[in-house]
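Quick look at what TrEMBL annotates:
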type	residues	note
DOMAIN	1-190	domain 'Myosin motor'
BINDING	GLY63, GLU64, SER65, GLY66, ALA67, GLY68, LYS69, THR70	ATP binding site
Amino acid sequence: AFVGIVLVAINPYEQLPIYGEDIINAYSGQNMGDMDPHIFAVAEEAYKQMARDERNQSIIVSGESGAGKTVSAKYAMRYFATVSGSASEANVEEKVLASNPIMESIGNAKTTRNDNSSRFGKYIEIGFDKRYRIIGANMRTYLLEKSRVVFQAEEERNYHIFYQLCASAALPEFKTLRLGMAFTFVVLCD
């Protein structure tokens, strides 16, 4: 099998002015290699090939914890929403990734490298209409670290939801759960 474009990006751990709408417009319609390497160049190539060949395209975002995978995926989706004319009506990256804090609560945990590390993979499928505008998106998750529920390495934590529930122990709707402080729980395994 052939592999397409490979972009190596480094998380600068700070906001840079290279992801705005003016930069999206600069990459829109350009050929690969005419512009500097950028997540928008990868997104433009996928978008162009989808429209030209009328075939599904995939972008794989991979890296270590804290590398910026989720942010890169958001930028790619923002690019698609903007160039397709769907940005004002859909704001897809907000709806797909930022509208569900519960998913992060259940699937993210503190690790030694990242205080809010996703402990699952995400497969995001974006649907386009015949005019190549975004009409919907679906996100599936996989590879949840089930072992984290019963064991965490030193300096690491269980999933955020556990601590959020413990912090809510005094709420009337949680009384029947008999929650307490997080440090008082011990998980016993056979």
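Glycine too: its Cβ is placed from the backbone N, Cα and C atoms.
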ATP site shell beyond GLY63, GLU64, SER65, GLY66, ALA67, GLY68, LYS69, THR70, criterion: Cβ within 8 Å of Cβ centroid: ASN11, ASN114
Number of other Cβ atoms within 10 Å of the Cβ of GLY63 (ATP binding site) across all protein chains: 13
Neighbour count (Cβ, 10 Å) for LYS69 (ATP binding site): 19
Cβ-Cβ neighbours of THR70 (ATP binding site) (radius 10 Å): 16
Within the predicted model, mean pLDDT of the domain 'Myosin motor' (1-190): 87
Number of other Cβ atoms within 10 Å of the Cβ of GLU64 (ATP binding site) across all protein chains: 11
Neighbourhood of ALA67 (ATP binding site) by C-beta distance under 8 A, where only residues 6 or more apart in the same chain count: ASN11
Binding-site residues: GLY66, GLY68 - member with fewest neighbouring CB atoms within 10 Å: GLY66
Which same-chain residues, if any, lie at least 6 apart from SER65 (ATP binding site) yet have Cβ under 8 Å of it: THR111, ARG113, ASN114, SER117, SER118
